Each structure stands twice: as structure tokens, then as C-alpha cells.
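Taken straight from Swiss-Prot:
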COILED    90-150  coiled coil
MOD_RES   499  phosphothreonine
REGION    1-20  region 'Disordered'
REGION    154-197  region 'Disordered'
REGION    409-439  region 'Disordered'
REGION    486-505  region 'Disordered'
REPEAT    207-240  repeat 'TPR 1'
REPEAT    249-282  repeat 'TPR 2'
REPEAT    291-324  repeat 'TPR 3'
REPEAT    333-366  repeat 'TPR 4'
REPEAT    375-408  repeat 'TPR 5'
């Protein structure tokens, strides 16, 4: 006799996929069925035992013993099934506990991960604020020390020309951060001394102070301080005023100045193109600041040897300055000098002579023949004549430069001004005459060498050639020439700012 117990709902065709809850429910039903079968088999085993204990035929006893063995075997199978079912139920309960614990731990891990992310973000924000605070503190300390130093120096300075009622208005501004060739060696104070005079746009004092700091750092070679300082200020301006704002263009010019000093001409050119676009949009295409940026771009292209690209930029800057400032303005003459240098590097000597001649006429009309800019322009024109082998014209220009009977006002006694004012002009022009004298000396050496067919002589021999052979004058004229040369030598030790060639070095 055998009894089979099937799970309710089972078709017997194969295993079915059940979820854990359904499996536990069916296992419990099977346990109940097995317990009922066990009770039934115990009852059968009892009846068989009673039957075997009573008298009966031998054949009947053998049959009863066989049935008893089958029942006992079934009881063993039922007990085994019950044990396995109990184990399954216990395992199911344990798995349920583990699953609940796993879900709890998983939720806790998610919460901890969120808290960790939040803490990381807070830490990064705190570190960023700390770095910004440290940079701000360092910047303020540097600015404080710089301003204290400037304050200590200011008490020894004479009154500035811009503070005297009889002085003409200055047009130096932060709009021209790459000065013209005559202005390139002026100090940072000259570059940031005044606001823009055209279009009603005034450079903020904060940017002028920042520009002075950047110039100071760059002159010391501390570009690792100057560049982050510029970039931080640029980001602050873009956040507060937007990208298309004149102050942003000014800041781009300052950063381009730092890159130019590092000989990173490509990066500086990109920044100046951005500044040019901003100034054209905000100030108009014919604003003096646009002309200054165009001139700066032309200077950069010239330093990179890209003279063809620089020339139209310089030409456009000239047209703007002629229209806004007038055809006889000093800035127009400076622009003509730059344009002449670009043309000279391209071999356009006819244009070079025309531009220098016009610049010379402007300087002579404004300052007379004693204006230092007249001597500089004549020296540049003489150099152009030398490159064309026009030795006679170059000799005449060098004679005019060296034979001036009267020197500029700062070299003699003050005429209608205080000694302090004259000394201030002397200091501003010292490097100008120093470089001019050196340039004239080199040009004269070339001229004498070519005229006489000799090699370049030393400095001592050159002085004799200049006095005896090249000038070829005598009497009072020779004395005046010698006196002028002596004055020019003295000027090289006392006077200031000069031109720089646009050609690459």
C-alpha cells in the first residue's frame, strides 16, 4: 500500500516557478497532509500488529508481515518528508529574516551614501571658500603694501600736470594697455592715470589699481601671481556685469598684457580679439578705445612677424584716430610711426617715407623742431634711408638731429616754470634720449662705414668720425655741433621713454 501526497494545484507535469510566499504556504499544506498520513499509517500499523498477534494461517501471517513492512517503510518516508519540510520552513523563516536585515542595511547604506555625498560637497565648498578667502587676503595685503608704498612716494612727488589748470588734458588711459611704441616703456602709473576721455566711459578705480598691481608683478617676473589675479577679477566681472561689458574688455587687455610679457603672443592675440569685439559692440566701432585695441593687435602681430595682417589693423586705428581726434593730433602721429614701421618691415619704403614725413610735420607743428618726438621720427626716417642706400638723405637727417642749437626745455634752465616741474619732465624723458642717442650712434656708424667703405669702428673712433668726417663743419658751427653732442650724451644719463621697433627680436 502506498500513498502519494501532491501539493494543491500541482498538475504533476513539471516544476512550477513559485514565489517564496506561495512555496511556504504549499509546504505547510504538505506538512499537514504528511501528518495526517502518518497518523493513518500508525493506525494501520497498530491493526497489523494486533492481527499478527492473534492466531491465523501461515499464509495469512506472511501477507500481514509484508503489509507491515510496507507500512513501516511508508512511515519512514513520511517522517523523512516531515523533517525536510520542517527544515525548509525553518530555512524560509531564516531567509526572510536575512532579507529583511539586508533591506534594512541597504537602506542604511543609501542614507549613508547620501550623507557622504552631501558632506563631500560641503567640504569642497568650504575648501573653495577657504582658497578664495586666502587669495583675497593675499591680494588685499599686496594691494595694501603697494598703496602704502605709493603713499610714501607721493609725498615727495611734485604736483602732476593733470592737476594744474594750465596743463592740457591727458589722454592716457587703461584703454591703451599696449601703449604705442613711444609709450611702451612708461610706468604703470602712466598707463592707468586717467579714465577714457571719449564716449562717456570711465575706467573704474579698482581696475586701475589692479592694473598697477599686475604691472608690478609682471615687472618682477611673478606671473604665477599676476595671471590668477587677472583671471579671478575677469570671472568676477563676468558674473557681475556679463561678458559683453567695457570693464570685461579692459580686464582682457590687462591679461593680454601679462601674456605678452611672457611672450605668449597667440594667447594675447585671442584675448585682444575678444576685447575688440566687446568694445565695438559696447562703445561703437569708432571709439578711441577700439583704435587702441586695434593698435595693440597690430603690435602683437608685428612682434610675431605677421606684418601683412598687422598693417590693415594699424591702418584702421589710424583712420579712427584721425576721425575722432583730428588729423594733427599727437596720437595720429604715433599711429603713423607704427604704420611706417610695419611698412618698413615689408619693404614698402615709399609708404614708409610718406608716413614718417606726415608724422614729422605733425610733431613739428605741435612742439616745434626741439620736440623730442621730432628727433625720434627723424632718426627712424634716417634708418629707413640707410636700408635703401640713400646715404645723403640719411646724413642730412643725422646732421639735423646732432646740430640742434637749442635743446628741449628740460635740458636748460626752466622757462616760466618751477625747477621741480622741469625736473619732473627730465625724469619722464630720460630713457627716451638715452635710447635715441644709442640709435643715432648706431645709425651714424653704419652711415660713416658705408660712405668711407670701412668696417664698423669702435665707440671712440666713431666720435672722431662724427666730428671730423661726417659733419664736415668748422668754426662756431663746429663748436655748436660739439656742444650739442655733449648735451645729447648728458641727456642719455638723465632723460626718459623711447620707441621700440615692431620687428621681432
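Just so it is clear, glycine is given a Cβ too, placed from its N, Cα and C backbone atoms.
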Practice problem: State the residues, same chain only, that lie 6 or more residues beyond the ends of the repeat 'TPR 2' (249-282) and have a CB under 8 A from a CB inside it; answer 'none' if no residue qualifies. | Solution: 174-175, 177-178, 203, 207, 210-211, 214-215, 218, 223, 226-227, 230-231, 233-234, 237, 243, 289-290, 293-294, 296-297, 300-301, 303-304
Self-check item: Helix, strand and coil totals (DSSP H, G, I; E, B; other) for the repeat 'TPR 2' (249-282)
Solution: 31 helix, 0 strand, 3 coil
Practice problem: Just give the helix, strand and coil counts over the repeat 'TPR 1' (207-240), going by DSSP. | Solution: 31 helix, 0 strand, 3 coil
Quiz item: Could you count the residues of the repeat 'TPR 4' (333-366) that DSSP puts in helix, in strand and in coil?
Solution: 31 helix, 0 strand, 3 coil
Practice problem: Mind tallying the repeat 'TPR 3' (291-324) by DSSP state, helix then strand then coil? | Solution: 31 helix, 0 strand, 3 coil
